[in-house]
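Trainee: Can you read through this structure? Questions will come right after.
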Number of protein chains: 2
Amino acid sequence: MFPLPDPMRAALEAAQAAADAGEVPVGAVVVRDGAIIAVAGNAPRSLCDPTAHAEMRAIRAAARALGRDRLNGCDLWVTLEPCAMCAGAISHARIDRLYYGASDPKGGAVEHGPRFFGQSTCHHRPEVFSGIGEGEAAKMLRAFFADRR
Amino acid sequence: MFPLPDPMRAALEAAQAAADAGEVPVGAVVVRDGAIIAVAGNAPRSLCDPTAHAEMRAIRAAARALGRDRLNGCDLWVTLEPCAMCAGAISHARIDRLYYGASDPKGGAVEHGPRFFGQSTCHHRPEVFSGIGEGEAAKMLRAFFADRR
């Protein structure tokens, strides 16, 4: 097996930390010029914030760090296919490239459901790469939901 | 002309305040048991946050105020048709009813583009009412973009 790229490794670690905190295990990382500038895990319950998906938190942290509301020149790495909310945010933020791990037939909005980046109402489309770290990301999600049954 | 319901009046005032601050004029309000529990204007530039649409800010403020990540029993009033990001957040937040003013053929995700609430990957659909305060909301947006040309 090939080793995972560092950003996906960091996203998977953030996903595991989310699981340890009782949240659905999803993690995300924003990279600029080869450096990780934001890492976040999914945290809607602990933050009392329905918008606190990993991608949203990483995007918000990166924008705050850069002092601007657009993340041109930045890539987002996330362990799970983004939902409609997060795909919309990725577009608004002008993310260059999106790398995600597991696909999400139930809630994904990139290759499922709205397929948002293909809509005429989507005004910025990142380049999309999927499947990196997919095995580990999916295993973590399965373990989380199995524990809760 | 009928007078506007108080929540839409408050949302329009928040939209005007956003315009005065140089932001695209959109405002949103969360109502619970007939009382306004959160009001917010669109503020991505001033907050350096691409996710800081009026709806997102109102939902986050309401969830924080109630100390939970789901807004069952709450309605959202917004001056413009929500985009994919905001429609996703409305669904995640379990908003009961969505009232919006102007429709948005360019970026809307309720009656345009992804029509998110009709997707099988959307797991909670609010009741939707549109057109309330539409004239004023659209006029404010037109004036804002005309000034910027």
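Note that Cβ sites are derived from N, Cα and C of the backbone, with glycine treated the same way.
Per TrEMBL, domain 'CMP/dCMP-type deaminase' is recorded for A:2-111. The feature Zn(2+) binding site is assigned by TrEMBL to A:HIS53, A:CYS83, A:CYS86. The active site, proton donor feature in TrEMBL is assigned to A:GLU55.
Help me picture where these features are in the structure shown.
Mentor: Under DSSP, A:CYS83 (Zn(2+) binding site) is assigned to coil, being neither helix nor strand in the three-state scheme.
Look at A:GLU55 (active site, proton donor): DSSP puts it in a helix.
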